[in-house]
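Visitor: Mind having a look at this structure? Questions to follow.
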Ligand code: 4NP
């Protein structure tokens, strides 16, 4: 790979889905030996959880699959992210609408739905925040699959 790639995962709160995606993708990238070429971050469109760590249910579910989310801290999406990141991948259609509204005004990287890389037949990663334990497992299943697809896409584009 000749050029670095910067990837930003976006959800609403940055305490469930996007930190899970960040942690899972970090692991996939490290396994491929590409951690020096691919920069990874996550954020939320909302501001409620700024500075907080991921939801304990997300951390526990991820830990069971060998993914440690404990060092992550929530931050809010910023306009400048569309200039900084080459891939801005969002979890659901509301995230897409919110980030696209900014993108239409500022340009930069066009946001896309993360699951477009996942071939799961789903368009959105469902928000697990108000649901039960199985929602967190489902998030992991979806982001693992989409993460593999995204990594393949980056490897092909930058090869
Ligand atoms: P996330 O989940 O967007 O996957 O981080 C949520 C976390 C918190 C809230 C909503 C969604 N909330 O309303 O506080």
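Including glycine, each Cβ sits where the backbone N, Cα and C put it.
The structure displayed is predicted, hence computed values, not measured ones.
Checked TrEMBL, it gives:
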- 5-153: domain 'Phosphotyrosine protein phosphatase I' (DOMAIN)
- 11: active site, nucleophile (ACT_SITE)
- 17: active site (ACT_SITE)
- 127: active site, proton donor (ACT_SITE)
Visitor: Given the active-site residues 11, 17, 127, which one's Cβ is surrounded by the fewest other Cβ atoms within 10 Å?
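Guide: Comparing Cβ neighbour counts within 10 Å for the active-site residues 11, 17, 127 gives 127.
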Visitor: Return only the integer: C-alpha distance in Å from residue 11 (active site, nucleophile) to residue 127 (active site, proton donor).
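Guide: On Cα coordinates alone, these residues lie 9 Å apart.
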Visitor: Whole-number answer please: how many Å between the C-alpha atoms of residue 127 (active site, proton donor) and residue 17 (active site)?
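Guide: Spelling it out, the Cα of residue 127 (active site, proton donor) and the Cα of residue 17 (active site) are 7 Å apart.
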Visitor: Please work out the helix, strand and coil residue numbers for the domain 'Phosphotyrosine protein phosphatase I' (5-153) from the DSSP assignment.
Guide: 66 helix, 21 strand, 62 coil
